[in-house]
Amino acid sequence: MKRSTCFHEKGPSAKCGVSGISYMLAFGALEILLSQFPNLEKVTFLSVIATLTSLAYALIALCLSITKFSIQHEAKGTIMVAMAGEGLATSTKIWRVFQALGNIAFSYTYSMLLLEIQDTLKSPPAENKAMKRVTLYAIGGTALFYTSLGCMGYAAFGADAPGNYLTGFYKPLWLVDIANLAVIIHLTVGYQVFAQTIFAINEKWLATRWQAPGSFFNKIYTVRFQCIQNYSFQLTPSRILLRTGFVVLTTLVAMLFPFFNAILGLLGSISFWPLTVYFPLNMYMVQAKIKRGNSKWIMFQVLSLLCLVVSLVSAVGSVADILEHLKHAQLFHIDL
């Protein structure tokens, strides 16, 4: 938001560098506070906020891309990736395509949340049937929306499309600022949506590890807020230490490697094939008693193999981009 205001006032060629260290630390401090709140089933509104803000900034970006494309009267992108972008080595272009596959894979990897979400559904209808219907609509709608956004963005910017998509727009300032604000809110609550699942799993493990009565780690402390209609919630030392440590660690890693697209691509490549494809497919084949060697089994194996290739090439592309960034990066120095 600070950069867009600077460019709006001084022009697109102005030097409007902004240090991200203070913002990263503020983000980490806020997440430490939010992480002490109850688990996923008690903070459903976070998922709603994350979804609405994600839709808001993506829709604004799509509209701005359509406007930019209509003004310039030509598509800057080309299907021939190796021919796109001047001054870039062909290998760099290929790595970036592979990294983009990892970004897409990350966008569709939600298996770690699926069972937690299904756990909060009320029946009837049956939980698994409701999840199948919701998953179909969600993935179909998301695929259509993301495809439109990606195609229009590439047509508008070509090989010069920025990693942080919204940084390519400076007018109208108020609309760009709304989109950037939506990104801030989305990242803040989205972090909690994913982290709460990790917290719950590890806290259950800690509770079984230290089951002794009066154990320091499992001792419950109740915090009451008299000013909010006697609102209260419970804390344990294990919750405070685990959640604070997790946020500190992720914030530290983010400050050491502030390469948003490359890191997301790597995370997507690591989690996509095993969590989204391999295990669900094998679980389904066992449940449906699909015999080895029949047509459906072969089809699933081919699908799994193709997705494994996607994961591998996106991992290679993401690591290559990280190594390229590290050549020019400085420790704990983030330029936005």
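Just so it is clear, glycine is given a Cβ too, placed from its N, Cα and C backbone atoms.
According to TrEMBL, the features are:
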{"type": "DOMAIN", "residues": "7-321", "note": "domain 'Amino acid transporter transmembrane'"}
{"type": "TRANSMEM", "residues": "20-37", "note": "transmembrane segment"}
{"type": "TRANSMEM", "residues": "43-66", "note": "transmembrane segment"}
{"type": "TRANSMEM", "residues": "134-158", "note": "transmembrane segment"}
{"type": "TRANSMEM", "residues": "178-201", "note": "transmembrane segment"}
{"type": "TRANSMEM", "residues": "240-260", "note": "transmembrane segment"}
{"type": "TRANSMEM", "residues": "266-285", "note": "transmembrane segment"}
{"type": "TRANSMEM", "residues": "297-320", "note": "transmembrane segment"}
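Beyond the transmembrane segment (178-201), the same-chain residues lying 6 or more positions past its ends with a Cβ under 8 Å from any Cβ of the stretch are 1, 4, 27, 30-31, 34-35, 37, 39-40, 43, 46-47, 49-50, 53-54, 56-57, 60-61, 112-113, 116, 166, 239, 242-243, 246-247. Comparing 20-37, 43-66, 134-158 for CB pairs under 8 angstroms to the transmembrane segment (240-260), the maximum falls on 20-37.
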